[in-house]
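Heads up: the structure comes next, in structure tokens.
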Amino acid sequence: MAPAGSAALESPPLPATPTVPCARLEPGPYQPRQTMAEDDLAELTASVARQGVLQPLLVRTNPKKPGHYHIVAGERRWRAACRAKLESVPVHIVTLSEQEALAAALVENLQRADLNPLEEAEALQRLMASCTVGPERLAEAIGKSRSHVVNMTRLLNLPAPVLEALRCGAITAGHGRALLGHADPLKGLERVVSHGLNVRQTEALARASQMGSLKGDMAGKSSRSTPWPQQRLQETSKRFSRHLGGQAQLRCSANGTTASLALQADTPQNLATMLEKLETLLANPHSPTT
């Protein structure tokens, strides 16, 4: 017979974790991760085959397939379970909108450091577009700084070959940010990869390329009788903006006899900094660049 009072000391049984057949699960359309390392997945598969799936997957109902579910977090565990021939996996079913599911999946992957820089940038951009929020509100929602959100989404302005280098891990997010300031990001990428440049070296390379481009534009033919093509004006304005650290716009008159450079900054101090950089450039128009 059990001693008196022992029943009061017994813990109540924990509620059973629901399970769902693997065949009724699929990655959610909002999943930020697009690639998975084969070695890591093979290692996880071996672990799942021995011990099963220990942590439930986070899932939401599939609105188009009754009885089926979209995976919010835990896609790797599900893929490993499928490879290990498990019939079902434990799940935690939640009610989330697609925007909330994307945010949850993004946070889960960020916490695990499972996303490459491009996947993170794309997910952040999708969240801002679908939720119609700015960088500040998104940063608060995912526990990141505003500057982190802005810097990551700016990577999406890089040319496709540079984006692919980010996706496959050939360069880091720091390299990508530095190449945003390069006059020719593709040439910069080639130099970074071939010489194994670190982020600081890449930043120096970008600064040198901007100085060279600006000096080349400023030393152009003064006898030109027709205005520059609009595309060249825009490209040169962008180079001025990158080098001076603010908004710059170069304008040329219709008859090609006058041109003006307009600078805009968010504070008087920043405008002063832009003018100082321009003054330095004009004071040394023929100095060699490195």
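Keep in mind that glycine also has a Cβ here, set from the backbone N, Cα and C atoms.
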- Query: To which of the residue ranges 1-20, 61-80, 181-200 does TrEMBL assign the term region 'Disordered'?
  - Reply: 1-20
- Note on the structure: Model confidence for the domain 'ParB-like N-terminal' (18-110), as mean pLDDT, reads 84
- Within the domain 'ParB-like N-terminal' (18-110), residues counted as helix, strand or coil by DSSP: 39 helix, 22 strand, 32 coil
